[in-house]
Each structure stands twice: as structure tokens, then as C-alpha cells.
Amino acid sequence: MRCPLRFYLAYLVLLGFSGVISIYGPHQRAQKTGDILLGGLFPIHFGVTSKDQDLAARPESTECVRYNFRGFRWLQSMIFAIEEINNSSAFLPNITLGYRIFDTCNTVSKALEASLSFVAQNKIDSLNLDEFCNCTGNIPSTIAVVGASGSAVSTAVADLLGLFYIPQISYASSSRLLSNKNQYKSFMRTIPTDEYQAIAMAAIIDHFQWNWVIAIASDDEYGRPGIEKFENEMFHRDICIDLNVLISQYIDEAEIRRLADRIENSTAKVIAVFASGPDIEPLVKEMVRRNVTDRIWLASEAWAISSLVAKPEYLDVMGGTIGFALRAGHIPGFKEFLQEVHPKKSSHNEFVREFWEETFNCYLEDSPRNEDSENGSTSFRPLCTGEEDIASVETPYLDFTHLRISYNVYVAVYAIAQALQDILTCTPGKGLFANGSCADIRKVEAWQVLKQLRHLNFINSIGERVRFDNGSELSANYTIINWHRSPEDGSVVFKEVGYYSIHNKNGAKLSIDKTKILWNGRLTEVPFSNCSEECEPGTRKGIIDGEPTCCFECTECSDGEYSDHKDASVCSKCPNNSWSNGNHTSCFLKEIEFLSWTEPFGIALALLAVLGVLLTAFVLGVFVQYRDTPIVKASNRELSFLLLFSLICCFSSSLIFIGEPQDWTCRVRQPAFGISFVLCISCILVKTNRVLLVFEAKIPTSLHRKWWGLNLQFLLVFLFTFVQVMISLVWLYNAPPGSYKNYDIDEIIFITCNEGSMMALGFLIGYTCLLAAVCFFFAFKSRKLPENFTEAKFITFSMLIFFIVWISFIPAYFSTYGKFVSAVEVIAILASSFSLLACIFFNKVYIILLKPSRNTIEEVRCSTAAHAFKAAAKATLRHSSSSRKRSGSVGGSSASSPSSSISLKTIGNEMESPSTRRHSQKPRVSFGSGTVSLSISFEEARKNSVQ
């Protein structure tokens, strides 16, 4: 019963796995049968399409996109090596190697899908079904796998193949994680580990004395361990990393833009990148779009010569890149083999058809892509003729000048062949298996090949020793390249500028010829990318918040501080009377400044003040000389003399603001200015209001003459001025001003006056402006009176200027500092004083000196009579109108017009007869020393009204 049951179960397993072998795995492959089968995993495409599987229907396999010409060349290298071994009489005589090669599309999912097909046959062999059928006669198991390329892909594949002890030899996976033999028991490689590359990259950064870099890595098993080792190495070398980020080819555009922004904003000029070509390509495209040309890129071997990035159109940004490339090897006959590729000659390689279509941008007959094109799913391409010349196009596929990864594939195939050769030539009793036995080459299993590979030790064609025993890694020999632009066709040229060897016998691990390097594609000077320079005298070391502790910035000493030695931790403060020099390396004595008599500005203000005094004195002299003339008399000569004296005081007070401030000058200057101006404006106010009241009086009486007598005028001027004097005395008593030195201004000590109380100064100026406002009001009301008497229009204009000056003075005073405070006040004093002098007196001086014909009694009388006539006429009309209203109320009685007589006569020093005075009893108005008599007759014809 047990035997039939076992047979039945074996039959079911055989049936199931036979179906798996025949249908499972990617459809597109390169396959050729042989006595011993090798597997291959290569990135024929750079990635897969992104699809959202909502599981509404049976999920479909994702489509691979973006053809990888270099990946196809690596595949060709494996096929070439296998055919070369099959054609060799020295290797494996009478043994034919076959292959099954799949496309990983540079993704884990596709690689695992392909790896399952390798595992399936080996699982059937482990069931030991030979007693039931010859199950393995036509389908040999895969005894070793060459691949994959990316470390992330190889890690996933190694986990799967390691379960079945299928040896895996990678040609491009350099992650240091894969060096863990306990976890990845069947993994080997023909490329140095990233641990050495991280050390080499740090050594280059140290060689060029950079200590401020950006680190970027792919978010996978290749980038993360590599950048981790790089960070540790940088830490031991005291080199700082400004920015450390992970990227992927599937990252969204917004994240790429944010990363590009961070790179642009970083002060680090060197960017070290541990990533593959597809992963770094999106970032490079964004940097090219922004034309960021001031960065130096350090490329790991995974993208240093990648065709995705090393493009002529990228050289403006990527030119000058320093990269690590594997030591190139030589494969005899490989060039001719690559050129012989043709769809009709490669029936075992299904990838050739797509390669041909992508190379010549056409479609072969019966191609599924041609059907898609006809259905409109892709862009139209013409049919391929089959006569295209592969040598006429330039693609990375034919770039066989420096065979690096292709050579690693070649070495991996030969390593497997060498292990099989050792099994074939094994002497019984000296074998590696139990009791020194040897494996049967015709029935060799994967675990036996793995055992033999672990004891492999041979020298490859470039002299490197290849060993796969525990703890052994391939020697780290890197060629350092620099990206140049070809002067002939503008293509990218990988110029060898040095090398790095971890096992150099001479002990020199790094050798670089700086003269061969072109930085940023055109410069010969080594760029600067340091976290901080040595702090020179005049600066101090300062920690940068959020940055590594090994980084500091040289902060210039603040104004008023200095440092006189290098790498100072703190800056010393200069004494109060000193200031730091321009370099902040020492201190010098500050300059003492004030509004000096000797500087041009002070001289100009002083000259203007003296000119004002002289002009005012000249006007005063003219008025004294012509004091008995009608113009002077009409101007109220006594008040005019006092007004001119006050203007002299105003001009003179401005001189106190010039010169080095002393305590006494600070106490005197503001009261002197305030009292002088109040005296001046009081005189103008009294004389203007006096004339206004007299001329507006309907019938001047003795009361007006008494009220506006000369003594009362002087009394009012005294009272107005006394108020200002009291304000000044209270100020000087409670908060007297004084001089002080202002040390707050850089490089200068300003000697100024401390006003003691800004409120008191405000009262002083405010009271002056209040009197000026009242004066402006009366002058504006009297603007239509005889101008020979009151000059009201000129007073109005002078008051307007006064207000404009002092309103502008307030913001100017509080917005300036130092000596300019005094200058602003002097300018305000001079401007307002000149406006008063010019508006009130220059017109009169002009008439007195240049137009004496107008300085007569008749001229004054004519102007005054005209104004009086108008005023009397208005008064009489108002009186007549009121009389008619009263007559009409009585009952129509005859209206009689009133009769009034007003006579105008000016009495100077001449005498009148007593009889004339008796017959001329008219109202008199006193103006100064003269008397004006007004007399105008007006009579209205009587009219009788008949009711």
C-alpha cells in the first residue's frame, strides 16, 4: 500500500512542477539547453510601469520600460563567455553549458519571478524521483546563477536561492550587507564591497581638503549601507555632512523639487552620491533644468559611467564629476561578438529583437509592439528591414573601450566553469566531500558547486586573485575618472585621473593627478567646499544651530569689539572712548563731533546768522533814519523798532547752537531762542490787531484811542513775553539742560545738549506757535485793509512760512541725532527769522529807498480814504435800511435819509487853526504820533411815498 501511494504523490508533484517549469517565469528570456544549466539575471530595462492594481480583475504582470543597452551588453557578455567555454578544449571537455537568462527590470518583483523558475527544477531534483521516471533528462537543474546587478535585487534573490543552496555570483552588487555569509550563505560576487568604496570616497574628500559635503543615497540595500559606512568614515576624518537624504527612481516630482531646493540652498558644493543610475536620474534632470552649475558630484561606481546620466546635454551641470569606476578588463573577441548581433542569428536570445527595435527605432514583423502601434497604443514606428548596420549607430551597447561590469560577468561565468572544471578533474580521495569523495559532473547539484566555489582560488586575466571563501572579498581597485566634454563631438569622455587600491604594495592607496581634472567641466582650480575656514583675527568661532558640532562659522566681531589672534573664541569689547577698526583687529579712539565753527556746515550757518543780523540792523537803521516819513509812521514805528530788535535777537540766538556744547550754552540757547521769537511775534500780533480794531470800529471813539494807546501796546508785548520767560525759568530750575557725550554712535562721540525735559521744550515751542496762530488769524482778517498801514498780506504769508518751518522741524528734530539736531534747529530759526524780516520790512525798505514818491501823505491818505469810503458807505446803507423799516411801521410817513459827514485829514507836526477844529468836530483816530480825521458827506434824496 505504501509504494502505490508514494508513486501517486510523486506523480502529482511531477505533474505540477512540470507545468510550473513549462509556463512559470517571464516569457521573454535568453535560453539554450546544455548538459549543465546556468541562470542569469540582468537589468534589460531600467524599471516597470506604475499601475494601481484594484483587483477588479485578474492582476497582470507589470510592463518593463526604458531599455538598458548596457544591461543587454552584460547579458551578451555571459553568453559570450559560455560559448567561449563550450568551444574551448581546455575547459569542460565533452560538457556543454546551457543558460536561462531573464530580465529583472531592475526591480525585486521581476527578479523573484525569474528566480522561482530556477528554484522549481531544483526542487524536483530534491524529491529523488529517478526510480519512477527520468524526470531530469531533458530539463537540467540550474546549478548556479549569475546576477543580479543592483544590491537590493541581489539581496532578495539571495534570500530565495540561499534556501536551496543555489550559488549566486553577482557582477555589480556591492552592498556591504551582502558580505554577511551567515545570512547570505550562497552569495558571492566579482565586485569589491562598498565598504572600500566608502573609504575611497572619504579619502578623496580629505585629499582635496573639503570638509562640508552633501550625502545622497538610494533608498535600498545598496545606498543605505554605503552611505552609513561613508558617514562613519567622514566622522573619523572630522568631515561634516550638511545634508543627508535618500532617493529613489520612483520618488514623486514634488519631493525631487524640494530636494533640489535644499541642495541649492546648501553652502556645501560637493555632493557624494551612493545610488544607481535610475535612482539619481530624476534629481540630475531637475538640477539640469535649474542649471545649477556650481556643484561637484562624487559618483559611486553604480552611476559613474551610467548612460542615463552621462549625457552630453547634462554636461553643463554634471561636467567635472569625479567618479569611481571598476578596473577595466580585456575580453578578447568580445567586440566582434557584439557587432555580430542580429535578430536572425540569435534564435536563442529573445532580447535581441527588442534591442534591434530600440536601436533603430523600428518594429520587426510579428512584433507585439507593432500590433500595439497599429492599435494606436504607442507611437508609430516603421518596420525594420533587417539590413540595418549595427556599427553605424552609437549606443552604450557598443561602448567596449572600458569593460568593467561586462568583465565582472565574464569572470563570474569563468569562476563557475573553473569550479566545474575542478569537479571534473577531482581525484577520488582528494575531493571536498565526505571521505574525500568527488562529485559526479554528469549529476552535479547546486550545493556541490557551491562547496567547490567556496574553495575556488584563481587569477583572472587582469591579474586579480578571485576567491570566494568565508571572509574573502575581491580586492578594491578603482579607477578615478573625471567627466570631460569631447572637443570633437561634444560627447562625454571619462578621463582617468587617478586610482585607488586598498592592497597597494607601495602603501599609497590613493593617487590623483590634479592637473588632469577639470572642475565643473572647465575650471582647473580646486573648488572650495569647507564647513569652516580658520578664523582670522577680527573674527571668532561661532556654533551654527542645527549643524554638526564639527562645523563652526567664523563670525566677524561686532562693531565695538575686536580679536587680535586667530581662532578666538570670543571678541573683546573696546573701551567707551574707543571703537574697533575696519578689520576688528584693534581699537582706535573715537572722533569727537559737534556742530563746529570750523566745519563747512557750521561756517555756512554762522554766515547766514550774521547776514540776518546785518540785514536786520540795516533795516533798523533805515527806519531810524526815515522815522518821520508816512510809511514808517503808518507802520507803528515804536513797535517796528522793537520788532527789529527782537529779530536781531532771533538771528543772534542761532549762533549759540554752534560750537562745542557747554553747560551754560545748553542752558541759554533754548530760552534765548524762545524769548526772542515770542517778543517778535508779540510785536506783530499787537500792531496787527490794533489796526484791525480801529478800522473795523464804526465810529472811532476816545475809548479806542485810549485802549490802543502806545503804553498799552508795550504792556501787552511785555505780558506775552513774560509768559515765555516764566516757562524758561521753570524749565531751568526743574530740569536744567546740560552737555553730555553720546557714546552710542559708531566710531564717533557726539557732544550734544541734553535738554533735560522734552516736555518743557514742547511748551516753549508750543507757546510760540500758539501766538503765531493768533497772529495769523488777525493778519488774515485784516488782509483787505490799506496795505500801506497794516501789510497784512505779508504778515499772513510770513506766518504761513513760520508754521511750515516749525511743523517740519518736529519730525526732523526727533529723527536726527548728534550734531544734526542742533543744525536742524538753527535752520528752523534762520528760516523763520528771514521770512519775518523779508515779508514785513523788505517792501517798506524798497519804497523808502527806491520809491520815495510813494512815501508821501497823499499816497497814504488816498489809500486810506478809499477804504474808509467803502466802510462808511456800507455802514450808511445798513442805517438807511433800518430807518425805512421803522418809517413803514408808523404808517407811510415820509422817510428822510440820515446825513453823516466824515472828513479825512492827516495832522502831522503842522498846526491847524482853532476855528477849523471847532467846525470840524469829526471822530479822530490816533495812529502813532499822527492823527487821521475822517470826513465823508453822503445824502440821500428824499422821496415821498403816496399810499
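Including glycine, each Cβ sits where the backbone N, Cα and C put it.
A TrEMBL annotation is a machine prediction, not a hand-curated record.
Over in TrEMBL, the protein carries these features:
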{"type": "TRANSMEM", "residues": "7-25", "note": "transmembrane segment"}
{"type": "DOMAIN", "residues": "601-864", "note": "domain 'G-protein coupled receptors family 3 profile'"}
{"type": "TRANSMEM", "residues": "601-626", "note": "transmembrane segment"}
{"type": "TRANSMEM", "residues": "638-659", "note": "transmembrane segment"}
{"type": "TRANSMEM", "residues": "671-693", "note": "transmembrane segment"}
{"type": "TRANSMEM", "residues": "714-733", "note": "transmembrane segment"}
{"type": "TRANSMEM", "residues": "760-780", "note": "transmembrane segment"}
{"type": "TRANSMEM", "residues": "792-814", "note": "transmembrane segment"}
{"type": "TRANSMEM", "residues": "820-842", "note": "transmembrane segment"}
{"type": "REGION", "residues": "877-929", "note": "region 'Disordered'"}
{"type": "COMPBIAS", "residues": "892-903", "note": "compositional bias 'Low complexity'"}
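Counted over residue pairs 6 or more apart, the CB atoms of the transmembrane segment (820-842) and the transmembrane segment (601-626) come under 8 Å in at least three pairs, which marks the two as touching. With a cut-off of 8 Å between Cβ atoms, the residues of this chain six or more beyond the transmembrane segment (760-780) that come close are 670-671, 674, 677-678, 681-682, 684-685, 688-689, 692, 720, 723-724, 727-728, 730-731, 734-735, 792, 795-796, 799-800, 802-803, 806, 809. Within its own chain, the transmembrane segment (792-814) has Cβ neighbours under 8 Å at 684, 688, 765, 768-769, 772-773, 775-776, 779-785, 821, 824-825, 828, 831-832, 835-836, 838-840, 843, counting only residues six or more beyond its boundaries. Per-residue pLDDT, averaged over the domain 'G-protein coupled receptors family 3 profile' (601-864), rounds to 80.
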